[in-house]
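Copied over from Swiss-Prot:
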- 15-73: domain 'TRAM' (DOMAIN)
- 86, 92, 95, 173: [4Fe-4S] cluster binding site (BINDING)
- 276, 305, 310, 326, 353, 374: S-adenosyl-L-methionine binding site (BINDING)
- 400: active site, nucleophile (ACT_SITE)
C-alpha cells in the first residue's frame, strides 16, 4: 500500500555504504516499481528509473546477491517517462511511480502477479484481467501526520518521507479526491489557530457519499474555544468533524453519519471503519466478483472476512441466502445495520476469528454453493481446508497480498479446483501496491468421485 502516514509504522534505516557510482541499463521494474538492472553479475535495484533507461546511479546498500542504488543522472530517458504532476513527488513517501506512464505501471504489476502465481502454483497463466480506474483524484481516504515545528512556529501537515521519520509538509496531493485536496490549506489554517496546536497527532480525511469528513486525533482535551473553531470550520467548508482523544473513542462534533454506495446499495460506516480507498475500483471489483460467482437466485453463498458487507449485501440482492463471517465485532454490527437499512432479510452475519479453528461454528456446518473470501494481508490459511470440505462449485478469492493468495491457492488446487481466472486490481495507482482476485472452479464430476 502507499506509504501514507501510519502512527504505528516502523521505519528501517538501511546501513550506509561508501559512495560508489555505476552506469547501468534498466531491464525491468520489480513489483514495487523499482528499476532492476544488472552490474557485474549482481542485481541492482534503483529507485526512479524505468525499463530501457541508461542511468548513472549511486549505491546506497550492498548485499551479497543484490544492491540498492539511487538515481544520480539520467543518461537515456524512456519514452514512457512522464512529468509527475505532484510538486512533492520524490520527497513524499506516498507515491513511488508518478514518473511512469500508467500503462507501464499496470503492465508491470500484472506481470509481477502472474510470475508470483506461476512460481507458487506451477500453472502457466496466459493473461490476467485488469481492473482500474482513473490514475489521479481517486483516493477517498488519507491520514496526515501533524507536527508543530517549534523553531519556525508553524504546523506541518503531511506524509512521511520514504524510509524516514521526516515529515513532508503537503500543499497538494493530486491522488486525493478533489473534495479532500481542496481542504488541505483551509484545514491547515484552522488547526494552526487552535490553542492545542502543539498537541495534535494526526488528521484523517474521508470522502463519503454524503460529503467529506475529518477525524482529528488530539492528545489533550480540547478547550471549548478550539471546539467552536472546529465547528465554524465544519460549517464553512461543509464537512463533518469527529474528535478522537484516544485510539478507541470517537465523538461527532458536527455533521452526520457517513455512507458510501456500492452495487446500488447504501452502506453506513464509522469514520474509523475500513472501506476501500478507491471507489471506482471497488465498484468494478464487486461487479466482477458477482459475475465470476455467477450468482443464481437459488444459491447459498458464504462470504468470509466480510467486513461491513461490501460484498455480502450485493450478493444478498441476488442469492437465496448469504452468510457473512467477520472477526471485528463493530463491523459485524455495522453489517447487520446495513442489511436492515437496505431491507435485506436473507443475510446473516457471524462474529468469528477466522484464524481460529472454525469447524465447530454454526455456519461451518451449513452447505454453500459458492464462497467468496477477502482476507487481510496474512491470508486465509486457517479456513482453506474448511472451504475445501464445504466443496463449493465456485470460489472467488480477493487479496491484498499476492504472496498469500498464491500460497492459499495451492490448497484449493490440491483439492481438485482449477484456477480459471486472475485479475490485477490497480487500487493504488503510482504506488508499488497491487491487489488481486482469483476465480477457482471445481468440476462436479471430479468432486463426486472424491
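From the backbone N, Cα and C atoms, a Cβ is placed for every residue, glycine too.
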Conformational class of residue 326 (S-adenosyl-L-methionine binding site) under the three-state DSSP mapping: strand
Residue counts (helix, strand, coil, in that order) that DSSP gives for the domain 'TRAM' (15-73): 0 helix, 37 strand, 22 coil
C-alpha spacing of residue 374 (S-adenosyl-L-methionine binding site) relative to residue 400 (active site, nucleophile), in angstrom: 8
C-alpha spacing of residue 92 ([4Fe-4S] cluster binding site) relative to residue 310 (S-adenosyl-L-methionine binding site), in angstrom: 31
By Cα-Cα distance, the member of binding-site residues 92, 95, 173 nearest residue 326 (S-adenosyl-L-methionine binding site): 95
Secondary structure at residue 374 (S-adenosyl-L-methionine binding site), reduced by DSSP to three states: coil
Residue 374 (S-adenosyl-L-methionine binding site): tally of other CB atoms within 10 A of its CB: 23
Neighbouring C-beta atoms (10 Å sphere around the C-beta of residue 353 (S-adenosyl-L-methionine binding site)): 12
Distance, residue 276 (S-adenosyl-L-methionine binding site) to residue 86 ([4Fe-4S] cluster binding site) (CA atoms, angstrom): 23
Cα-Cα distance linking residue 92 ([4Fe-4S] cluster binding site) and residue 353 (S-adenosyl-L-methionine binding site), given in Å to the nearest integer: 36
Set of same-chain residues at least 6 away whose C-beta sits under 8 angstroms from residue 173 ([4Fe-4S] cluster binding site): 86, 88, 94, 139, 142, 180, 181, 184
Nearest-integer angstrom distance between the alpha carbons (Cα) of residue 276 (S-adenosyl-L-methionine binding site) and residue 92 ([4Fe-4S] cluster binding site): 22
Mean of the pLDDT scores, which run from 0 to 100, over the domain 'TRAM' (15-73): 90
CB contacts for residue 276 (S-adenosyl-L-methionine binding site) [other CB atoms within 10 A, all chains]: 22
Distance [Cα-Cα, Å, rounded] between residue 374 (S-adenosyl-L-methionine binding site) and residue 92 ([4Fe-4S] cluster binding site): 30
Nearest-integer angstrom distance between the alpha carbons (Cα) of residue 305 (S-adenosyl-L-methionine binding site) and residue 92 ([4Fe-4S] cluster binding site): 32
